[in-house]
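Visitor: Please see the structure below; I have some questions.
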Amino acid sequence: MGEAVKDGREEVIQAWYMDDSEEDQRLPHHKDPKEFVSLDKLAELGVLSWRLDADNYETDEDLKKIRESRGYSYMDFCEVCPEKLPNYEVKVKSFFEEHLHTDEEIRYCVAGTGYFDVRDRNEAWIRVLVKKGGMIVLPAGIYHRFTVDSDNYIKAMRLFVGEPVWTPYNRPHDHLPARKEYVDNFMINASA
């Protein structure tokens with residue numbers, strides 16, 4: 001009997017269904033009992049994930065291949081912490097408003113930790129923990145929100161196809177073509 005091969009992504013990306021608590025958004029918010037969500041289930045919702053070498057992102061061949069194959073031509077960094085982000089508390093609260101984008105949201109955590117919350121097909125929140133070395137892609141049109149954890153720090157590489165566009169459309173924006181396409185591709189057709 002062989003051991004099951006462990007997916008290295010699970011060391012830097014984990015997901016679970018959230019409780020309904022109104023406590024601090026930076027807490028894990030596990031249900032009781034805990035209800036974990038597989039990375040395969042996230043992929044069914046269009047959320048892609050990788051484990052990369054965050055200590056060597058400048059020379060990481062895996063990152064280079066991903067960028068080339070997906071057309072990510074622009075890159076910058078965003079540090080979310082009280083010392084680096086003006087109006088920190090206001091910004092963190094705004095990131096936590098449920099919203100969507102008309103383009104993919106690509107985030108590669110090179111330091112710290114963050115939570116990306118996404119909706120499943122039944123509108124339940126799934127919390128996605130991304131640690132150093134984890135990279136996720138949220139598809140265009142998915143409703144989501146973001147927060148740091150209780151350490152109040154993440155440094156993330158932001159990747160874009162072409163010039164950076166980061167326009168949040170707070171819910172509801174179901175009329176946008178990106179939302180309709182997301183629903184068709186991941187909510188309706190996938191559940192049929």
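Cβ atoms are placed via backbone N, Cα and C, with glycine included.
Per Swiss-Prot, the features are:
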type	residues	note
BINDING	H99, H101, E105, H144	Ni(2+) binding site
BINDING	H99, H101, E105, H144	Fe(2+) binding site
Visitor: Just counting, how many other CB atoms are there within 10 A of the CB of H144 (Ni(2+) binding site)?
Guide: 22
Visitor: Let's check the environment of H99 (Ni(2+) binding site): how many other CB atoms sit within 10 Å of its CB?
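Guide: Neighbour count, Cβ to Cβ under the 10 Å cut-off: 19.
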Visitor: Compile a sequence-ordered list of residues in the same chain as E105 (Ni(2+) binding site), six or more apart from it, whose Cβ lies below 8 A from its Cβ; state 'none' when nothing qualifies.
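Guide: Once residues fewer than 6 apart are set aside, E105 (Ni(2+) binding site) is near V137, L138, H144, W166.
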Visitor: Going along the chain, which residues six or more apart from H101 (Ni(2+) binding site) have their CB under 8 A from its CB?
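Guide: H101 (Ni(2+) binding site) has long-range Cβ partners L138, A140, G141, V165, W166, T167, P168, Y169, A178.
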